[in-house]
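*Asks:* Have a look at this one.
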Amino acid sequence: MEDFVRQCFNPMIVELAEKAMKEYGEDPKIETNKFAAICTHLEVCFMYSDFHFIDERSESIIVESGDPNALLKHRFEIIEGRDRTMAWTVVNSICNTTGVEKPKFLPDLYDYKENRFIEIGVTRREVHTYYLEKANKIKSEETHIHIFSFTGEEMATKADYTLDEESRARIKTRLFTIRQEMASRGLWDSFVNPREAKRQLKKNLKSLEPCADLQTKVSHRTSPALKTLEPMWMDSNRTAALRASFLKCQKK
């Protein structure tokens, strides 16, 4: 699974996922299913944001190419992928500026058009089951929830899907592609079956036993990739980075 993740996802996403896991003392080489899940979730968050801007009249528009110097503000603030301290700093700044209620848990995005935080979910199970779990955890009507599955299903708060149909179709297609690529490598069953995943985890732990003395200290240096997540007006570098974040899986 680890090899698949490094082949399938953009290096920027892989780096962010590794950093997030190490922040919680988790090892991507051992908890490979979680590694894959985090990368998938990060990519969906990037794709959710990509191409969506607000113009000088505060109207929401979709721009796939054009003048990089145009005064276009990104519609979505990406919170997922930042270290916790920076993420809460961004959330507090948004709340102070907009007056929206501060969430109890870190959300994934902020929508400047609808003035609400968004929690993105990607599930291997039934969408309604995962949606209810998210809603029960968050317990806030202020945070919008949007759930995607690997089978093309989705569910959102009050059936408000935020994005246009084409943008959501891109996300669904990417998730289906990831599922197909996993299946072709014999990885899908362990990804969705907890019992099989536990067996694989034990196997991974056993294979890494001789390396138990390896350094595990977490680095607190800011990843260069995080610079692409800073609030900013539209520029060609960020657009290119976001475009790269949903490259198709590379074949072996």
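Just so it is clear, glycine is given a Cβ too, placed from its N, Cα and C backbone atoms.
Reproduced below are the annotations present in Swiss-Prot:
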ACT_SITE  GLU80  active site
ACT_SITE  ASP108  active site
SITE      ARG195  site 'Important for efficient shutoff activity and nuclear localization'
SITE      LYS198  site 'Important for efficient shutoff activity and nuclear localization'
SITE      ARG199  site 'Important for efficient shutoff activity and nuclear localization'
SITE      LYS202  site 'Important for efficient shutoff activity'
SITE      LYS203  site 'Important for efficient shutoff activity'
SITE      LYS206  site 'Important for efficient shutoff activity'
*Asks:* Looking only at Cβ atoms, how many others are within 10 Å of the one on GLU80 (active site)?
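*Replies:* Result for GLU80 (active site): 23 neighbouring Cβ atoms inside 10 Å.
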*Asks:* How far is it from ARG195 (site 'Important for efficient shutoff activity and nuclear localization') to GLU80 (active site), counting Cα to Cα, in Å?
*Replies:* 29
*Asks:* Could you state the whole-number distance in Å separating the C-alpha atoms of ASP108 (active site) and GLU80 (active site)?
*Replies:* 5
*Asks:* Across all chains shown, how many C-beta atoms besides its own are within 10 angstroms of the C-beta of ASP108 (active site)?
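*Replies:* Its Cβ has 24 other Cβ atoms within 10 Å.
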